[in-house]
Structure formats: structure tokens, C-alpha cells
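See below for the structure under consideration.
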Ligand code: NDP
């Protein structure tokens, strides 16, 4: 057998994509595990995804991440979907299984792992999710599949909110209820886990926080934010001030990347190295 000069390829398709730091984290992980893989951060415009997905097959890429605006569109070009991805209706990662493209959504799984790492489980718990967009759908569906007893969905747009609550009621074992969000939100008092899954507080709007009556956040609640840039959001600061345990969005980001790493390589992900690498990228280490 001759020497192999060909690296295994994975990466991300998106637009905008230039500021996406995932590649740095995944490449550090490949190096740490001695794997000859490369992660390519690739700009794919809206409308060009079909050709790009053909390239995944033609170039024998091991898989690909999808981000804005491709997470829903990509479903048309896949051979198989995981149960969660089918329910969520969006895919953030694809594995090329000998020419068959299998789609999965690991955002919610990364979220659940970030809770588990803090000693929090969702089984039998009441979860209140702010938002009904992509991240909120992934988180709500995974919480429901993981045995949450009830999921409240608060969203400004009632169509998106009721649709998500309906999906959880019909397709999972959890009960769900839509909460209209047209004034400062009163967090349901039986909430165990409160999640901001809106884009409020995302850089550069770091002085924004979701419109919540923060005095309804109680010390027995675990409060999490999907925003990772900057991870010390005003939402988490307000919750922390009320005595709640807080979990920032870096854990979700690292852990979805770790699940992706393992699905592509079959190797356990070096989560500590991935966390450290991301913190360095964000100037937090
Ligand atoms: P979407 O555009 O799909 O959804 C955005 C959501 O935010 C909608 O529910 C929208 O409500 C809500 N929203 C926006 N502005 C406001 C506001 N002023 N008040 C109340 N609600 C508001 O985005 P995504 O779900 O894809 O992403 C959301 C955030 O999650 C992003 O910041 C992204 O960076 C982050 N994210 C983090 C990940 C991680 O690993 N930590 C992974 C994936 C995403 P409406 O429907 O009423 O418009």
C-alpha cells in the first residue's frame, strides 16, 4: 500500500459564513485526535445549494454543516433524515454514508449536553422556550424527545409559535402550550428550565435583552441562552441576579460541534480542546 496523500473533507456551507468559527474548533479537534481531516468554510449563495450538495458527493466529502440560509432547503437534496431532523424540519449537518446523504440536526442535542454537563436533566421537567425559529425548534423538539413533561413556547409571531406547540403536542410525548408574547413575558411559575432561543442579545446588540418580567425568574430555575457572542448576555445576568443557575451558549455551540465530529469520524470528540479553542477565538481564554 502506498502512502495516502488525500485528506478526508468536511466543512460548512453558508452565506454569510466568513465569521463562522466552527472550522477552527473542528480542526483543533482533528489535530488532537491525529485524524487527517480538513474542515473547509465555504461560501454558498442562496440558490446554489443543489450544485454544492452534488459537490459533496463528487468530492467524496465525509459530510457538511449547513448554516444560514440552507438549513431547510437542504432537505430536498438528502437521501435520509434522522427522526429529530424530520420533526424539526431543518438540518445543520449531513453525513455522507458511502454516497447516501443522511441529514441530522445537532443543535438541540448540543443544547441538551450543555445542560447535562451542568448536572441538569430534562426528563419530567417543564421547559419554557423563548422563540420559535430554527434554534427554538431544535431545542423544543429535543427536550420533548428527551422526556420533558411540558414545553411552553413564547413567541412574538403567533403563527410560528402555535405551529411549533402543535407539532410537539402531535408528534412527541410532551404537552406543549403557546404563550403570546406581546408584552413583558411572565415566566410560568412552574418552569424548571428557561431558555432564550431568540436572537436578542446577539453581537453587536449586546445591550438588548428579551422583554421579560425578570422578577418572575425564580432561584430554582435553570436559565440558558443560545447566544454565544458575547456569552455573558444581559438575559443571563438578570437571571443570575434572581438566584437562578445560568448556562451560556458556548456549551451548546461546542457540544453540537462535538456530536458532528463523532458522527463524521466515529471518534470521541476532545470536548475540552474544542471548548478551549473557541474561548481563545472569542478572546475569553
Ligand atoms: P431565526 O431567525 O430562525 O429565529 C429568530 C427567533 O428570534 C424568532 O423566534 C423571532 O421571533 C425571535 N426574535 C427576534 N427578535 C426578537 C425580539 N426583538 N423579541 C422577541 N423575539 C425576537 O434564528 P435562529 O433560531 O436560527 O437563531 C437564533 C439565535 O440562536 C441566533 O442568535 C443564533 O446565533 C443562535 N444559535 C446558537 C447556537 C449555539 O450553538 N449556541 C446554535 C444555533 C443558533 P418571531 O418569530 O416573532 O420573529
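Just so it is clear, glycine is given a Cβ too, placed from its N, Cα and C backbone atoms.
Automatic prediction, not curation, is the source of TrEMBL annotations.
According to TrEMBL, the feature domain 'Shikimate dehydrogenase substrate binding N-terminal' maps to 13-94. For the domain 'Shikimate dehydrogenase substrate binding N-terminal' (13-94), DSSP puts the residue distribution at 32 helix, 17 strand, 33 coil.
When other Cβ atoms within 10 Å of the Cβ of residue 107 (shikimate binding site) are tallied across all protein chains shown, the result is 28. Annotation source TrEMBL lists shikimate binding site at 67, 92, 107, 256.
Residues annotated as active site, proton acceptor in TrEMBL: 71. Residues within less than 8 Å, Cβ to Cβ, of residue 71 (active site, proton acceptor) and separated from it by at least 6 positions along the same chain comprise 90, 91, 92, 134.
A sphere of 10 angstroms centred on the C-beta of residue 133 (NADP(+) binding site) encloses 16 other C-beta atoms. Mapped onto three states, the DSSP output places residue 133 (NADP(+) binding site) in coil. Residues or ranges marked as NADP(+) binding site by TrEMBL: 83, 131, 132, 133, 134, 135, 226, 249.
Annotated domain 'Quinate/shikimate 5-dehydrogenase/glutamyl-tRNA reductase' per TrEMBL: 122-199, in sequence order. Residue counts for the domain 'Quinate/shikimate 5-dehydrogenase/glutamyl-tRNA reductase' (122-199) under DSSP (helix as H, G, I; strand as E, B; rest coil) come to 26 helix, 22 strand, 30 coil.
According to TrEMBL, the domain 'SDH C-terminal' annotation covers 249-279. Through the fold, the domain 'SDH C-terminal' (249-279) approaches residues 10, 21-22, 24-26, 28-30, 32-33, 35, 37, 62-63, 65, 92-93, 95, 104, 106-107, 109-111, 113-114, 117-118, 224-228, 231, 233, 285 of its own chain, all at least 6 residues removed from its boundaries and within a Cβ separation under 8 Å.
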Discussion item. If I take every residue in the domain 'SDH C-terminal' (249-279) and average their pLDDT values, what number comes out?
Written reply: 97
Response to the item:
For residue 67 (shikimate binding site), the spatially nearest of the binding-site residues 131, 133, 249, using Cα atoms, is 133
Worksheet item: Could you give the Cα-Cα distance between residue 131 (NADP(+) binding site) and residue 256 (shikimate binding site), in whole Å?
Response: 19
Practice prompt. Report, as a single number, how many Cβ atoms besides its own are within 10 Å of the Cβ of residue 83 (NADP(+) binding site).
Written response: 11
